[in-house]
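**Q** Please find one structure pasted underneath; my questions will follow.
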Amino acid sequence: MTESETEPPSPQGVRTAGACLAVAMLAMVATITVYVTVYGAPEGSGPGGETTIADRAAHLTAHWSIARPVWIVEAFAMLLLAVAGFGLTRREAASPVPANLGWTALGVGATVNAVMYAFTLGAYSAAAPVVDAQPALMDAANEAAIVLFLLGNLAMNAGLAVAFAGEATSARRVIPGWLAGLGAALALIVAALAAAGFQLGMNAMKLGAPLAGLVLLIAAIFGWRIAARG
């Protein structure tokens, strides 16, 4: 059976959602690459080289011209992901796994993550310059952003795990079953690390960064395949 026989043409709204998914995921890959390689990590001045909140604030102030556009692009990417997640609930997956529930979770998680950028783009820029006089402002903004980041990534990756599992077991796959299965497994691990982050902090998510990058790429491939269905 050929691919065209296994997957009928997708409704235009679903194809648009697939395009939003692909564009958003590729944008996230690009911004994360810029953030890691150009923005970089602050140098720690605390005991044993520990990075303090003042170190983070000073680094942010010095590199605001990099951080701001990166976060703006990511905020728009999250809005696209929300559109993609809710839009893909309309797709007929022909799978015993409730993939639509996964796409809904992706949309909800992306919406939560979008709210996080109100802190990174708004509160950070106001709190960082006065961190020496009022360190609690920067600390509060940072903690709020971390909670939203972890919660959003937990929902997004748990949703992708379910959605990819649905794709792997679907009779109408648009990507190979092994790739969808790999995406489901990786997304589940990243979701677990996000949950662990509530106890272990951001170090838990840093461990899963390479896996998260692979999830983004697999999701981009999936979105492109959905968008390409004519």
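For all residues, glycine too, the Cβ spot is worked out from N, Cα and C.
According to TrEMBL, the transmembrane segment annotation covers 20-41, 70-89, 101-124, 144-166, 178-201, 207-227.
Context for these features, please: burial, neighbours, distances.
**A** Residues 51, 59, 63, 66-67, 70, 73-74, 76-78, 80-81, 83-85, 87-88, 213, 216-217, 219-224, 226-227 of the same chain sit 6 or more residues outside the transmembrane segment (20-41) yet have a Cβ under 8 Å from a Cβ within it.
Beyond the ends of the transmembrane segment (101-124), by six or more residues, the same chain brings 60, 67-68, 71-72, 74-75, 78-79, 81-86, 88-89, 91, 137-138, 141-142, 144-145, 148-149, 151-166 to within a C-beta distance below 8 angstroms of the stretch.
Long-range contacts of the transmembrane segment (178-201) within the same chain: residues 146-147, 150-151, 153-154, 157-158, 160-162, 164-165, 167-168, 207-208, 211-212, 214-215, 218-219, 221-222, each at least 6 residues beyond the stretch ends and with a Cβ under 8 Å from a Cβ of the stretch.
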